Structures are given as C-alpha cells and as structure tokens.
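Copied over from Swiss-Prot:
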ACT_SITE  Asp107  active site
ACT_SITE  Asp337  active site
COMPBIAS  299-311  compositional bias 'Low complexity'
DISULFID  Cys117-Cys123  disulfide bond
DISULFID  Cys376-Cys420  disulfide bond
DOMAIN    89-456  domain 'Peptidase A1'
CARBOHYD  Asn41  N-linked glycosylation site
CARBOHYD  Asn174  N-linked glycosylation site
CARBOHYD  Asn261  N-linked glycosylation site
CARBOHYD  Asn320  N-linked glycosylation site
REGION    299-319  region 'Disordered'
SIGNAL    1-19  signal peptide
Amino acid sequence: MNAAVLLLLLALAALPASCAPPRSFRLELASVDASAADAANLTEHELLRRAIQRSRYRLAGIGMARGEAASARKAVVAETPIMPAGGEYLVKLGIGTPPYKFTAAIDTASDLIWTQCQPCTGCYHQVDPMFNPRVSSTYAALPCSSDTCDELDVHRCGHDDDESCQYTYTYSGNATTEGTLAVDKLVIGEDAFRGVAFGCSTSSTGGAPPPQASGVVGLGRGPLSLVSQLSVRRFAYCLPPPASRIPGKLVLGADADAARNATNRIAVPMRRDPRYPSYYYLNLDGLLIGDRAMSLPPTTTTTATATATAPAPAPTPSPNATAVAVGDANRYGMIIDIASTITFLEASLYDELVNDLEVEIRLPRGTGSSLGLDLCFILPDGVAFDRVYVPAVALAFDGRWLRLDKARLFAEDRESGMMCLMVGRAEAGSVSILGNFQQQNMQVLYNLRRGRVTFVQSPCGALR
C-alpha cells in the first residue's frame with residue numbers, strides 16, 4: 001500500500017466521532033410511567049391524570065429570571081429553561097469507560113446534558129445506581145478557563161488545584177442542579193462519541209425529574225445540547241398517546257425525515273425570540289375553530305389581517321373568514337415542549353377558545369374533573385365519546401395551519417362522565433406551549449440547517 005494512502009487512513013481513523021461522516025441514531029422513547037415501579041397497576045385514566053399533573057407543575061416554572069450563584073464569575077440575563085419536573089419520555093444512554101448505563105428524561109426546552117454523580121450531597125431519589133466519575137477512565141473535568149465553561153450562564157471556579165468548572169444550572173421556578181462540567185464518552189446504542197460535555201450534578205433542588213430518570217438530556221438550540229454537540233442537523237420523533245404503554249421513537253441524524261408525499265404535511269419556520277434563544281419557537285398567527293375565525297385581542301402594538309386560506313390539512317374556513325396575524329410575535333409565540341403533556345395557551349387566547357368551543361359543542365359544562373382539567377362537557381347518557389361532535393381546531397404558524405382533531409383536543413374522563421379539553425390556560429402575556437398530547441401519532445421533524453419544523457399526521461410506525 002502506498003505510504004501516503006496509509007498515513008491518510010491512519011489520520012482518518014484518529015478523527016473524533018464528531019468529525020465522522022453524518023450518521024443516524026435511533027432511540028426508543030419510553031413513557032415515564034411505563035417505567036414506574038407500579039406501572040402494572042396503573043389504569044389509562046391514572047396514567048393520563050399523572051401526566052396532566054406534571055404538566056401543570058412544569059407550567060409553573062416558565063418565565064424570565066436572572067441566574068444567580070454564590071461566587072459566580074459570570075452572570076447574564078437570559079431565559080431560564082423550563083423546570084425539568086415534566087420529563088414525560090425517557091431514553092437510555094451510556095457514559096464513561098466502561099460505559100455506565102443511565103436513563104434520562106429528554107427535553108426540547110433546555111440544553112444541558114446532566115446526570116447525578118457520586119458523591120452527591122443533595123440529590124433527589126433515583127432508581128438507577130448513581131454515576132461514579134472516578135471509575136471512568138475517560139472522564140475529565142473541564143477547566144474554568146475553557147470555552148465550553150463560558151457557554152454556561154452561571155459558573156464559578158472550583159477550589160481544587162485544577163480549578164474545574166462548577167456550574168449552577170437554573171430552571172424557572174427556582175429549580176437548580178449544581179455540579180462539575182466535564183467531558184466523557186457518550187454511548188448511543190452501539191455508537192460512542194468522545195469528549196461530550198455534560199454536567200456531573202452533585203446537588204439538585206426544586207422541580208426534580210421523576211425517580212426513573214438519573215438526569216436530563218437537553219435537545220434545545222443552545223451549544224451544550226445533545227443535538228448541538230453531535231452536530232446533528234435534523235432530528236425527528238413520533239409520540240404515542242400519553243396513556244399508551246407503547247414506546248415512541250427518536251431519530252437523530254440524516255435519516256430523520258418526514259414523508260415528503262404526505263398530503264397532511266406542513267413545514268413551519270422556526271423563529272428566534274431574544275427572551276427564549278434555546279427554545280424551538282414558532283410565530284403563532286391565529287386560530288380557527290371549525291369554520292370560524294378567532295380574533296386575537298387587540299392588545300398588541302401592531303397587528304395585520306390576512307385572509308384565512310388554509311392548505312390541507314387545515315379545516316376549510318368560510319371564504320370571508322379572516323384570521324388576525326399578530327405583529328408582536330413575542331407575545332403570541334408558541335414553543336414546542338415534548339415534556340409537557342397538555343398545550344397551554346396565553347390567557348386571552350385560551351378564553352376566546354373556550355367561548356367559541358362552548359358555542360360549537362352545545363353540551364352542558366361539567367365541573368370536578370378527576371383528571372384535573374378546566375374545560376369539560378358532560379357526555380349525554382348512552383352516547384359514546386367518539387360519537388360526540390367536536391369542531392376541529394387549527395393553529396396558524398406563519399400562515400401554515402396545523403389541524404387538531406378531536407383525538408388531539410379532548411380526552412374522555414370516564415370517572416366523571418365528561419370529555420375534557422387537553423388545553424390549559426397560561427398567564428396573561430406569557431408564551432404559549434405546544435404539548436405532546438397535540439403531537440401524538442404525528443411525526444415531528446426538526447431541520448436545524450433550514451430552520452423549520454415539519455408536522456406530518458402519520459402513525460409512528462411510518463418513522464423508520
């Protein structure tokens with residue numbers, strides 16, 4: 001063999017995993033309650049009730065905050081990620097040499113990858129054994145002077161000889177996780193990636209992930225997220241209904257795609273809001289309920305009116321219907337949150353939606369939902385839930401309409417004899433959240449290079 005060719009092959013073999021040709025990786029998304037110790041005894045009703053309860057707790061953590069930590073060397077004003085208590089879907093990964101296998105909650109609304117580490121002085125209870133960094137031969141704490149450490153909003157220098165990067169990662173609602181920022185080998189299936197930065201947490205307070213999770217894997221748009229560190233340009237997932245015991249799918253890399261010939265496919269541009277730089281943020285233009293256009297409150301600084309001509313799969317509106325497009329995208333934007341089960345609409349939008357649904361459905365309202373939901377209708381005696389009329393609702397994102405049928409809007413509360421809206425009310429002026437109930441049995445593709453999200457209403461089996 002030619003000596004030059006041999007040297008080239010040796011050089012290519014020595015390249016880190018991040019420099020290798022683009023590949024694809026597939027992970028199973030397990031429902032958090034399917035992994036619970038009492039999973040076998042949980043009914044579909046209880047599975048749904050638990051997911052809704054976690055969503056409400058998670059909502060309480062959305063907001064703006066200034067990260068603060070004792071002896072902080074750097075503190076900047078930025079958005080704080082949503083508190084991790086939602087954690088609806090879990091993935092199995094490995095870290096270190098030899099690989100320590102751990103389970104983590106995935107989160108599209110935060111960036112940091114972290115797991116609890118020994119010795120832990122203030123950790124929440126977890127089912128898996130805790131990672132011991134001293135056992136891993138490839139573990140290395142990052143120095144405080146490193147560029148990676150500078151990516152953290154709040155960090156400080158350790159007091160040991162190497163002045164390791166000590167972080168305080170703050171979620172909204174004053175939930176925090178603290179520890180050492182380090183690098184180690186990350187294992188996804190049969191593939192290993194060297195030098196992946198992650199948080200080795202030794203203290204967590206506030207909203208903790210469920211005990212089935214040893215930490216969190218952030219899939220957000222920031223530099224410390226899994227997709228950013230692996231240079232993944234696209235990823236896709238498909239989620240089963242929240243009360244289902246069937247796992248979902250997550251595909252990272254070039255194979256992540258949505259059916260190109262599907263008639264019920266829409267591609268929506270992702271926007272960047274300076275308040276939420278790590279979130280997958282969509283510009284919410286308006287809503288349609290059946291054939292009726294919903295007028296957004298005239299409380300923004302600028303508005304523009306556009307004819308509501310909706311491509312498939314949106315409901316066909318009246319030719320004269322109009323949807324109000326909001327110029328102030330910061331107020332009426334929506335973030336995609338895989339870890340929240342129900343969708344939350346900004347207060348004024350939610351109130352309008354409720355009023356219009358009451359007019360359309362024409363059933364008596366019920367109270368005291370055992371699921372903990374706000375808007376419920378009493379089902380007529382002898383009439384099955386699947387036979388009750390519910391108008392389709394469409395969300396407008398930059399003029400592209402995402403249709404939500406009854407299965408993605410309402411859930412049956414069998415214990416109360418009602419059907420209840422799987423949409424909640426967020427605070428006035430807050431950002432809206434697109435939850436996973438509205439994304440069920442739908443392929444969701446994130447194309448980070450082109451800056452768009454594609455929704456395809458297709459069974460999860462079609463995502464290979």
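Backbone N, Cα and C define each Cβ position, glycine as well.
Here the features listed in Swiss-Prot are painted onto the structure.
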{"residue": "Asn41", "record": "N-linked glycosylation site", "CB count, 10 Å": "8"}
{"residue": "Asp107", "record": "active site", "CB count, 10 Å": "31"}
{"residue": "Cys117", "record": "disulfide bond", "CB count, 10 Å": "25"}
{"residue": "Cys123", "record": "disulfide bond", "CB count, 10 Å": "20"}
{"residue": "Asp337", "record": "active site", "CB count, 10 Å": "28"}
{"residue": "Cys376", "record": "disulfide bond", "CB count, 10 Å": "24"}
{"residue": "Cys420", "record": "disulfide bond", "CB count, 10 Å": "24"}
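On the backbone, the CA of Cys117 (disulfide bond) and the CA of Asp107 (active site) stand 20 Å apart.
Ranked by Cα separation from Asp337 (active site), the recorded positions Asn41, Asp107, Cys123, Cys376 are led by Asp107.
Mean pLDDT across the domain 'Peptidase A1' (89-456) comes to 84 in this model. With Cys420 (disulfide bond) as the anchor, the candidate recorded positions are Asn41, Asp107, Cys123, and the one with the nearest CA is Asn41.
In the three-state DSSP assignment, the secondary structure recorded for Asn41 (N-linked glycosylation site) is helix.
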